[in-house]
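Engineer: The annotation compositional bias 'Low complexity' is assigned in TrEMBL to 1-14. Taken from TrEMBL, the feature region 'Disordered' covers 1-38. What TrEMBL records for 19-38 is compositional bias 'Polar residues'. Residues or ranges marked as domain 'Major facilitator superfamily (MFS) profile' by TrEMBL: 50-500. Residues annotated as transmembrane segment in TrEMBL: 105-124, 131-152, 158-179, 191-209, 221-240, 314-335, 351-371, 475-498.
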Amino acid sequence: MAQSEQQQQQHHNQPPAKPTQSSNPFNPQMTTSPISVSAPNPSWFSPKRLLVMLCTINMINYVDRGAIASNGVNGSIGICDDSGICSAGSGIQGDFKLSNFQDGVLSSAFMVGLLMASPIFASLAKSHNPFRLIGVGLSVWTFATAGCGSSIDFWTIAICRMLVGVGEASFISLAAPFIDDHAPAPQKTAWLAMFYMCIPTGIAVGYVYGGFVGDNFSWRYAFWGEAFCMLPFAVLAFAMNPLQLKGFAPAESRKFLEPNETTSPLIEGSDDSNINSCVIVSSDKASRSSPASKSLNQLSRFSEDMKELLHDKVYVVNILGYVSYNFVIGAYSYWGPKAGYSIYRMSNPDLLFGGITIVCGILGTLAGGLILDSVNATINNAFKLLSGATILGAIFCFSAFCVRSLYFFVVLFSMGELLVFATQAPVNYVSLRCVKPSLRPLSMAVSTVSIHIFGDVPSSPLAGILQDHVNNWRVTTLVVTSVLFFASGIWFIGIFISNSDKFNEDGKEEVSTVDRATKKPLFEENTIEGAQDSDEA
């Protein structure tokens, strides 16, 4: 005990650390305080905790997708038989008396908010901390989902669904780059697979959750329950120490340098003219940086980034295949329970489709990531896996809707979904690795917007229109499933396009020494003070 007190006394009696020199464009002798002394307190997160948090948020997000598609929440319109006996409608469709087209539009209304907000959040990531932006998005999502449960007609719930898209935009465009930054090098695709595994799992849980809550309570309680589950994560995103993305200089480092660049006591061996010139230049820049000029600069930078992104052949081909793939997945996720009930007279279609999707989604998505890691995760190998798994999955799914037996349908459709979901990790791996780090948020934002606006958004109402005309769910599902063959062909073309992994392309240009010093402690268990004590011992 005495020895410990003596060490603490020696620690407190130590003279303050001498200032270290750093380069400055105005005065090469300008000094700054040691970075380690003023660095922010380390975050309690480890990479695995970060992965668990992001996966849970993604799960809740897609539970909402599955819940609104379930028979318990979505419901059905009231019908009258030939004898004049009418049955009351149920769920959203029954309460608001929606046609199939309106019902399909409702499932896609979130896309309006997603389309508008995704590029904005991706652009703001260069000037604001990305983790704080996720907190803003989750807050909007929470209040919008609660609003869905309180809606009074078609238009109020449609507006709330649009705001749900705004909340989703921040998370979808920024979460995957965080995982790619902090995942172990040999397991990056596997970690992405765990994250995207939450898409089919969340939808499947949403089917079961929506069916249970809707049948036993009310469809409104399903949305209120989702908002309650998401609220703690919205608060946590603001409360914890923010993380930073690779390729982006943190706002904290800029704030840390400001006092040292403008305070004269830190400057040694310099005359007043150098100090004054530094202050004058800074004030001149500040006066010229009006809000309008900042907005124009940000818009110009966004346009340049978009131009670079859309000129990347690998990225464009990958997204075109993903759009075609998501056209089918979107129609399956929304119309699957209704189609299954109509074709095979399933006693509980929500539970059956939910069970198939959750099992095949977990196994298929994890298998896709593990296989790509095991054969060496490259963009070319990813395209091979995408093309092969998709065409085999298309064959099984198409065959499933052709058979008459429910037993054979379950077997064939399960095999098809197992193969189809194996594409989730590889397709997002390509989107992250075919662009430089500073473009990854925009890459994911454009990918998300594209697969929705050209994929699952039109597929739900178009499938509804087709069903209204043919009045045969078997024909409708076969037409929708055939699009998977088209997706496989597009990804097959990607195998022959020249490509390179750009993960480290602009890392040295964007990350400063201050960034490294402030970013490193975020995933360390020991604090800075603890490290100093160990050095003394």
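Note that Cβ sites are derived from N, Cα and C of the backbone, with glycine treated the same way.
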Engineer: May I ask you to check whether the transmembrane segment (131-152) and the transmembrane segment (191-209) make contact, with contact taken as at least three Cβ pairs under 8 Å and only pairs 6 or more apart in sequence counted?
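Structural biologist: By the criterion, they do not touch.
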Engineer: Under 8 angstroms, Cβ to Cβ: which one of 105-124, 158-179, 191-209, 221-240, 314-335 has the largest number of such pairs with the transmembrane segment (351-371)?
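Structural biologist: By the under-8 Å Cβ criterion, the transmembrane segment (351-371) pairs most with 191-209.
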Engineer: In this predicted model, what is the average pLDDT of the domain 'Major facilitator superfamily (MFS) profile' (50-500)?
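Structural biologist: So the average pLDDT across the domain 'Major facilitator superfamily (MFS) profile' (50-500) works out to 80.
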